[in-house]
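Enquirer: Have a look at this one before I ask anything.
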Amino acid sequence: MADFYYLPGSSPCRSVIMTAKAVGVELNKKLLNLQAGEHLKPEFLKINPQHTIPTLVDNGFALWESRAIQVYLVEKYGKTDSLYPKCPKKRAVINQRLYFDMGTLYQSFANYYYPQVFAKAPADPEAFKKIEAAFEFLNTFLEGQDYAAGDSLTVADIALVASVSTFEVAGFEISKYANVNKWYENAKKVTPGWEENWAGCLEFKKYFE
């Protein structure tokens, strides 16, 4: 069984948990207390010198960055390739959505909310505009689509639903974006492990109360 270093409230960690559920892989979950500096201990730095979560250790093979872990789990353990198809064009669209999630959507969350939550900084209206722009892009991608990349559930949906659910508990108004809202309601029903994702979201919500 693969060791999985994580925090339940972390959106990237939750995307891996849902992906593991989708491919039927059990994870040996190991809570890492970042506030206590457990990620900076020599034994963890040996595993991941970048000292980030999530981190997966599968039979001695260590990997971090959630979207890389998602793809690895599907390629190694998926019974089919439906979550990450081998077709170059289909895969390219999924990759684009994953990079969009990492570099634009989730990044906009981190840039706006983290300074307020962890450094008690005032809200930055310019950073909030970046969130709105990211949701406008996602809304456009989802025009006429039930899924984020193609016509069935993929790792792109799983990564995005982890991010979008985090925006929801932070109080962002997702319902303003009709296509995102429709996709999100469907994703809640069809994404394996959604319940555990939502439990993690509620744990994260305490930072916004």
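Glycine is no exception: its Cβ is also placed from the backbone N, Cα and C atoms.
Okay, these came from Swiss-Prot:
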type    : residues                                 : note
BINDING : HIS51, THR52, ILE53, GLU65, SER66, ARG67 : glutathione binding site
DOMAIN  : 1-81                                     : domain 'GST N-terminal'
DOMAIN  : 87-209                                   : domain 'GST C-terminal'
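Thinking about packing and proximity, how do these listed features fit into the structure?
Expert: Taken residue by residue with DSSP, HIS51 (glutathione binding site) is part of neither helix nor strand, so it is coil. Under a cutoff of 8 A between CB atoms, and with a sequence separation of 6+ in the same chain, the neighbours of HIS51 (glutathione binding site) are HIS39, LEU40, PHE44, LEU45.
Within the model, the domain 'GST N-terminal' (1-81) shows a mean pLDDT value of 98, rounded to a whole number.
Shown for the domain 'GST C-terminal' (87-209): DSSP residue counts in helix, strand and coil, namely 96 helix, 0 strand, 27 coil.
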Enquirer: Given a 10 Å Cβ-Cβ cut-off, pick out the one of the binding-site residues THR52, SER66 that has the most other Cβ atoms nearby.
Expert: SER66
Enquirer: Using the residues the record lists for glutathione (HIS51, THR52, ILE53, GLU65, SER66, ARG67), what whole-number Å value is the largest Cα to Cα distance?
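Expert: The glutathione-binding residues span at most 16 Å between Cα atoms.
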Enquirer: Using other CB atoms within 10 angstroms as the count, which residue among the binding-site residues ILE53, GLU65, ARG67 scores least?
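Expert: Comparing Cβ neighbours within 10 Å for the binding-site residues ILE53, GLU65, ARG67, GLU65 has the fewest.
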